[in-house]
Amino acid sequence: MVYQSTLLRVVFQSLSTRMWYEDNEEVVLWMNTVGPYHNRQETYAYFSLPFCAGTKETISHYHETLSEALQGVELEFSGLEIEFKGGESMTVPYDTGVGIADISTTPYCEIQLTEEKQKAFTYAVKNHYWYQMYLDDLPVWGIVGETEEGDGTPSYYIWTHKKFDIGYNTKQIVDVNLTSENKVKLTVGAKIPFTYEVNWKKSNVKYEDRFDKYLDPNFFQHRIHWFSIFNSFMMVIFLVGLVSMILMRTLRKDYARYSKDEELDDMERDLGDEYGWKQVHGDVFRPASHSMLFSAMVGAGYQVTVVVLSVIIFAILGELYTERGSLLSTAIFVYAATSPVNGYFGGSLYARMGGKIWIRQMLLSAFMLPALVCGTAFFINFIAIYYHASRAIPFGTMVAVTCICIFVILPLTLVGTVLGRNLAGQPDFPCRINAVPRPIPEKKWFMEPAVIVVLGGVLPFGSIFIEMYFIFTSFWAYKIYYVYGFMLLVFIILMIVTVCVTIVCTYFLLNAEDYR
């Protein structure tokens, strides 16, 4: 009954947005992962090290969401008995390994260091292992031990006492701090007792502001951040001006010259002095050489754009960084829900290019991006399984992701493809396509499509690389990315820059009479 009631309360709290506690009600401390401090992505289950758990009846382990399983979050009950505003600590004398100390503490377990356990703990201390816990969904970090240099021979110590300072506001937990104390030297055969202490303190922090302590405004609002935005904005102005000049001067002049020749018959026009992009007006709408792949990539591009914009807006409105895995869950849901966008634009483009194998094109559109992402993730997963890392994705989660692709993404993509073919699948080209493809003349090396593709990507990358630095810093270091307003602004700038660069590069290629 104790197990069932505790589990039901945990499930109820995981579904609620605000957690309320009555006096002396149980507060669950979950153990998450342990790993080297200098590599945040290398994590293992907390009890993969020979730590001992408390004596309280276990609640087993669980994943709250699919995204937590994908991110390697597997919470295991610590076994520590913590009661809200209760559980006065008792004074217990115990042997620390270096003498007798009287500390206000509650012992919860004891281990005897065998040679295998001593090696495991020593390796963890040498590599600066940290561990992560969750109490009322608030992350808590602690260090395994420390190294002391003496007489040229390092000694390794492990922290055995966890001191929790928990702040509460009315009936809600708003702050958790952990202090590691009482280091004990790691020697084979030693008996090491583990203890903990809980101090409850009244706090004025509001529940909705309790994550503010984990944010780093000085890092994310650095002057270089604003300089990056200004630099990207100036690039947008330059590119928009360049595109405007091309459209308003060059094209207008060409159109004026072309309209002046409208009185001439076809023979005289063909013998005229046309040059540049006008030479290929009968070939530019020729179907792509790989129209199926091209239309699938265009459809996926539309979908990714919608997904990124939607997720950023949801992150701004909902503060998704305050809940474990919520950002990834939102991205998966939005990606699946926007699958008709992929099918509509990809299917309609394929139909306009005269494609006949539309079912194969629909399958390619639906599975191209998920297969690429999932294939990479599953390959990395085999490495994680080999090293027994917590990032290893369970088999059930793999099945769940596959079911989402087959039973959600595929049918919605089919709906979008059918709508696209019926509503926008008729060719509406302004001029007819020549029966015989026009030969493409030789051009200078820097006008080759491969070179322009590479050079054309420099400006879009230059507009976002500073923001990418902050994003990857939060990914690899112990930072929480929360400035999604900046991300939205930078993404809009990226789209404008990409559009302008595309127009300029396309115009250059058409002037070189390359209609591909």
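Cβ from N, Cα, C; glycine included.
Annotated features in TrEMBL:
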- 224-247: transmembrane segment (TRANSMEM)
- 293-318: transmembrane segment (TRANSMEM)
- 330-351: transmembrane segment (TRANSMEM)
- 363-387: transmembrane segment (TRANSMEM)
- 393-419: transmembrane segment (TRANSMEM)
- 450-472: transmembrane segment (TRANSMEM)
- 484-510: transmembrane segment (TRANSMEM)
Paired segments the transmembrane segment (330-351) and the transmembrane segment (484-510) in contact, 3+ CB pairs under 8 A: no
When counting Cβ pairs under 8 Å to the transmembrane segment (484-510), the leader among 224-247, 363-387, 393-419: 224-247
Long-range neighbours of the transmembrane segment (224-247), counting only residues six or more past its ends (CB under 8 A): 459, 462-464, 466-467, 470, 483, 486, 489-490, 493, 496-497, 500-501, 503-504, 507
Tertiary contacts of the transmembrane segment (393-419) (same chain, 6+ residues out, Cβ under 8 Å): 63, 66, 69-70, 72, 332, 335-337, 339-347, 358, 361-363, 365-367, 370, 374, 377-378, 381, 384
